[in-house]
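Okay, structure first, notes after.
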Amino acid sequence: MIKEALARVIAGQDLPEQMAAGAMEAIMTGAATNAQIGSFLTALRMKGESPAEVAAFAAVMRVHAVQFQVRGGQGRLVDTCGTGGDQAGTFNISTAAAIVAAGAGVRIVKHGNRSASGRCGSADVLEELGVNLAMTPAQEQATLEQAGIVFLFAQTHHPAMKHVAAARKEIGIRTVFNILGPLTNPAGADAQLLGVPEPSLLDLLPPVLQTLGVDHAMIVCGGGLDEISTATATEVVEVKGTEILRYTLTPEQFGIPPVNIAELQGGDVHTSAAIIKGILDGEGGACREITLLNAAAAIYLGGRAVDLNEGVRLAATSIDSGAAAVTLQTLISTSRGET
């Protein structure tokens, strides 16, 4: 199936759903060679992935994932996993926003990995903050129940990705797997804040999310940043069931003066972790403001706020009341099995 799919993609043709699924099945089971995988991913990138292809790939990956079964609880499960690859070198904004949103009462099931192309992935910074990435299923359940947030480490929940690692590293370009990460949450998150670095993905992903059954999502692209930006305008596509809304957000709408992207730089993992600690300890400035705005979106998607303005207020309260800092400490201790 992989050879037939490769030939079709090289010819510039989109794959039928069944053929796309068959190709991904070959990859996930180790039936495809590194040469075939590398060629297939490169050809797909050159052709441009179609929504039907991406949805089929994601469905197969979900089947091969180690699922996280959520026990009880009320409200939506929200993920703040972006595609990464924006090369902006910012601190890990989505992780800070996830912790703040959890402190505001949103149930966060953050799916992520170590950095592939940026300086610091969500797994890297959480580990630096003290979170145990090698959690047992019981520890994962405990972190969600007690902290309101769990980190689902991609390396644990997607063991079949080992078949792709070598080819991805060798070709060294963004591939469809950068897109698939946020679409394959092991908990089946029903709401997502999904950051993308390329405006073209704003058109690709809405029908994919609808096909996969996501209830509510915001796909955001902040001038090449895969977050809601405070440096420039952010293009947003909001998916609510069958409805798709497109609009632009600016920092000025929320009373935030535009910042220079340099003010959001994270450097290495130690610096990024220190910035997040500072935000949770109540430090002001550009890093706090962009965290508030992205946390606001997660709070809105989680159904705790009627709009982003209310979300910003709730995010600020989460930090200023100390709830967000307590959330991080609870996440750390429960991930280690200490409570």
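Using the three backbone atoms N, Cα and C, a Cβ is placed for every residue, glycine included.
Owing to the predicted nature of the structure, the values given are computational and were not obtained by experimental measurement.
Swiss-Prot has this to say about the protein:
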BINDING   GLY82, 85-86, THR90, 92-95, 110-118, SER122  5-phospho-alpha-D-ribose 1-diphosphate binding site
BINDING   GLY82, ASN113  anthranilate 1 binding site
BINDING   SER94, GLU227  Mg(2+) 1 binding site
BINDING   ARG168  anthranilate 2 binding site
BINDING   ASP226, GLU227  Mg(2+) 2 binding site
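Shown here: features listed in Swiss-Prot, placed on the structure.
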{"residue": "GLY82", "record": "5-phospho-alpha-D-ribose 1-diphosphate binding site", "DSSP class": "coil"}
{"residue": "THR90", "record": "5-phospho-alpha-D-ribose 1-diphosphate binding site", "DSSP class": "strand"}
{"residue": "HIS111", "record": "5-phospho-alpha-D-ribose 1-diphosphate binding site", "DSSP class": "strand"}
{"residue": "ARG168", "record": "anthranilate 2 binding site", "DSSP class": "helix"}
{"residue": "ASP226", "record": "Mg(2+) 2 binding site", "DSSP class": "coil"}
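A count of other CB atoms within 10 A of each Cβ picks out HIS111 as the most crowded of the binding-site residues HIS111, ARG114, ARG168. With the fewest other C-beta atoms within 10 Å around its C-beta, ASN113 stands out among the binding-site residues THR90, SER94, ASN113. Checking the binding-site residues (GLY82, SER94, HIS111) against GLU227 (Mg(2+) 1 binding site) with a 10 Å Cα-Cα cut-off leaves GLY82, SER94. It is 19 Å from the Cα atom of HIS111 (5-phospho-alpha-D-ribose 1-diphosphate binding site) to that of ARG168 (anthranilate 2 binding site). Nearest by CA distance to THR90 (5-phospho-alpha-D-ribose 1-diphosphate binding site), out of the binding-site residues ASN113, ARG168, ASP226, is ASP226. Ranked by CA distance from ASP226 (Mg(2+) 2 binding site), the binding-site residues SER94, ASN113, ARG168 have SER94 at the top as the closest. Taking the Cα atom of each, ARG168 (anthranilate 2 binding site) and GLY82 (5-phospho-alpha-D-ribose 1-diphosphate binding site) are about 18 angstrom apart.
Reported as a whole number, the C-alpha separation between GLY82 (5-phospho-alpha-D-ribose 1-diphosphate binding site) and ASN113 (anthranilate 1 binding site) equals 11 Å. Counting in whole angstrom, SER94 (5-phospho-alpha-D-ribose 1-diphosphate binding site) lies 13 from ASN113 (anthranilate 1 binding site) by their C-alpha atoms.
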